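Participant: Reproduced below are the annotations present in Swiss-Prot:
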type: ACT_SITE; residues: H46; note: active site, proton acceptor
type: BINDING; residues: N96, N142; note: tRNA binding site
type: SITE; residues: D121; note: site 'Stabilizes the basic form of H active site to accept a proton'
Amino acid sequence: MRPGGFLGAGQRLSRAMSRCVLEPRPPGKRWMVAGLGNPGLPGTRHSVGMAVLGQLARRLGVAESWTRDRHCAADLALAPLGDAQLVLLRPRRLMNANGRSVARAAELFGLTAEEVYLVHDELDKPLGRLALKLGGSARGHNGVRSCISCLNSNAMPRLRVGIGRPAHPEAVQAHVLGCFSPAEQELLPLLLDRATDLILDHIRERSQGPSLGP
């Protein structure tokens, strides 16, 4: 494909998505990366998945290419990654209903659950800790649970971004819905960079072969 081909497809997609007319599938693999969160609370711990998507878009040079799509109820951007194409998605529904946006976009782009990455916060890991989970249960995360329900599968690979768990169980809701502290905010740029590196490296490796290995 000529240089800029994927970016041109992204610009055409912004005009065509309102009619659900999609660009032809590129010759390489196509993957979706969905950042889970609450659209009205972008700076909170619970929406750190959306922050990772923002950094991913900047890294791939499509930070100004987000398009709001009413069919998916999400912001979408297309980005090239070698011969592959990434569909970046930020749901515009509340966390508990994120799966509806993810499943609709997967349907429109012809993606299986295994081709959909979820990026989300993880209470049981300290801030700065990252882990890639290849499918499995939701582990109590409502956004992941919604995706499993709407996709009828638990096979989605997930990038879990640690936000730490408060000492008192009754403080969990306030913790996840709260903003990062000033000290935590100093760690965020490096964390977002590392998360972006991890997911891009994993997608590159999978694009070169059929396995789902880490």
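From the backbone N, Cα and C atoms, a Cβ is placed for every residue, glycine too.
These numbers come from a predicted model, not from an experiment.
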Participant: Of the recorded positions N96, D121, N142, which one sits closest to H46 (active site, proton acceptor) when you measure Cα to Cα?
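Facilitator: Out of the listed candidates, the nearest Cα belongs to D121.
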Participant: Give me the long-range Cβ neighbours of D121 (site 'Stabilizes the basic form of H active site to accept a proton'): same chain, 6+ apart, Cβ under 8 Å, in sequence order.
Facilitator: L36, G37, R45, H46, S47, V48, G49, H141, R160, V161, G162, I163, V176
Participant: Would you identify the secondary structure of D121 (site 'Stabilizes the basic form of H active site to accept a proton') according to DSSP, in three states?
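Facilitator: Once the DSSP labels are grouped into three classes, D121 (site 'Stabilizes the basic form of H active site to accept a proton') ends up as strand.
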Participant: Which entry in the list of binding-site residues, N96, N142, has its Cβ near the fewest other Cβ atoms, using 10 Å as the limit?
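Facilitator: Sparsest of the binding-site residues N96, N142 by Cβ contacts within 10 Å: N96.
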